[in-house]
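TrEMBL has this to say about the protein:
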DOMAIN    39-109  domain 'Cadherin'
DOMAIN    118-226  domain 'Cadherin'
DOMAIN    227-335  domain 'Cadherin'
DOMAIN    359-444  domain 'Cadherin'
DOMAIN    445-558  domain 'Cadherin'
DOMAIN    552-658  domain 'Cadherin'
Amino acid sequence: CLQLTYRVKEDTGQGDYIGNIPQELNFPSLAPSQKQRNYQVLAGGDKITVDPVLGDLNTAIRLDREKLCPYNPPTCVIDVEVAVLPSTYFDLIKVQIFIEDLNDNAPKFPSDVLIKDISESAFIGTIIRLDSATDPDLGLNAIHGYELEVSTLNSGETTNPFQLVVTENIDGTKIPQLQLSETLDREVTSSYELLLKAIDGGTPRLTGTATIEITVTDSNDNQPTFPRGSYVVEVPEDRPEGFMVIQVQATDLDSGTNADLTYSFPSLVSAHDKAIFRLDPDSGEISVKEPGLDYENRTIHHLTVEARDKGPNSSPAYTTVTVQVVDVNDEYPQIVINFMDYLDTASQDDTPSEATTFVTITDRDTGVNGNVTCRLKDSKDFELYELDKKESRYLIKTNKTLDRETKPFYNLKIEAWDFGSPSLTNTTIIAVELEDVNDNPPTFRQPSYTVGVGELIRNGRKVTQIKATDEDDGLNARITYTIQPVNENENLPFNIEQDTGIVRFGPNAEPLDADISTKAFLMTVTATDNGTPPLSATVSLTITVNDENDNTTTQYSFLVKEHLQRGAYIGYVLANDSDADTLTNAKVTYSFVDSNENIPFSINPDTGISTVLISYDVLQSQPYILRVKARDEGKEPRQNFATVQIYLIDINDNPPSVSFP
């Protein structure tokens, strides 16, 4: 892991520049043709952002140390983790941003007026506990000390029988107290008004003030006293409601109600502490309340206890109980998952040892209770790689090339446990869906297609549907169809719908005519997916034109005598062509088709006149049924057909013959 450290002032605004990762770490520059680095925040992204391309670090929020570190630790640090991707450049960068405190908070007392009373018979040395001021600033900017000034005396005198005494808790927080240094006489002075100042050590120094109003009461011979001014007790955080933390007891040398004491938390005890601890007013027992102690939220509590007798004009006594919370193993390990933005999802094109996911195991406990480890259960295709044992950072990597078409989903189970006693365990399931790569071309259901179509098909009608499939997913499986003739010079009367593969007779195609052409249409259908790069496949399609009964038959009948001489006239057929060009489009030629070559007739190709080709005998064959084709001479010739029936008339050309005897 690489490390970067920055120091910024706490008034740094949202969006302010902090630094640049590649410059700070002297990453070598990359050529434009190379795969570029990508930066991704894994932790601390709610406070710090990183430009995924440039690697600039900027603030996501305004940095206020008192809000970022509300319990006022000695140092306030924002911990950020940034991953450098892809795997070619992979590294984990730990960024620590120290927030330097500014003296932007003045000390503040919980109340502007502190009301106290003291018996006129109080002994010299009697202590009056005062509320402490608070200052969320740190170090020199925190509270440096207290000062006391005389504000007003009822008698107008300027003497002050109180001295300011400042003590410290075990964590260094200061406690202001007044100590009686002279005897009091209520008849002379019945009250005192003092001004208490709390001063921090910043530059310039900031001050908070509170007025102390002290009433001198009639004599109550003896003031309660605690045997000790402070107590320190350790309590495990898992102690239940009602658990007694400590019992503090004061004594009073008076008798009767003057010796009957009551205990309470004064105003300087925070509402948070009062919600956690209960103080029995009669016994002085401090016990745990719901919701109980929580080491992970707060490790130390300062409780001031006030004791008063129930007699008139009582003077209070104070002691401080410091509760140190002891950590126990009550926090389960937490599993934090970060998918790589660079990959979005795991890809089936991942090569072995391709990193896909970051895993962080955290435990709010301390010591061995907070030491954690984890494992990836029942996974053959993924492995858990340890990045940082101390910080419990791991990578989930593929350990083989994945195939979405074989297994598109994985449920990875991560189990984490700590080393406390007893050990606490947590598990989580990571649902991994493989992102498809375009590694499969389309495939057709048949090696080739042959279909027939009637010559009377109407424009736009469906001929057939060519269907291909693709084992990929999404755009990689979306197929587009195209069609083209095998002979590039041929104009196809068919088209194909690019999304469905339906082949249709073109909306503007010329009608088909099986009588003119019996040849099949040969074409190639291409199926192309929408992947990057696109993959394609081709298949041959043959469309034959089927004849339909679309022509009305014209018939001619002729009667001829047998034994006519060669060239004798029999009759004629006539075909009309309405075209204008009589030399080509309207010029018609005639011929016999589908007839026996031995027929004794011929036809003039220009006039359509039929004549005798050879002499014939009625006894040989009758009638003759002939098919005549009329064809024009246009660029794209058109033709029609007629049927000619020739009936032979017998003549008396044979004498009788005697066959017997």
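Any Cβ shown, glycine's included, is placed from N, Cα and C.
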Residues of the domain 'Cadherin' (118-226) by DSSP state, where helix covers H, G and I: 3 helix, 53 strand, 53 coil
So which of 39-109, 118-226, 227-335, 552-658 is most in touch with the domain 'Cadherin' (359-444), counting Cβ pairs under 8 Å? 227-335
For the domain 'Cadherin' (39-109), name the stretch out of 118-226, 227-335, 445-558 with the most CB-CB pairs under 8 Å. 118-226
Quick one: mean pLDDT on the domain 'Cadherin' (39-109)? 88
Determine how many residues of the domain 'Cadherin' (227-335) DSSP places in helix, in strand and in coil. 10 helix, 45 strand, 54 coil
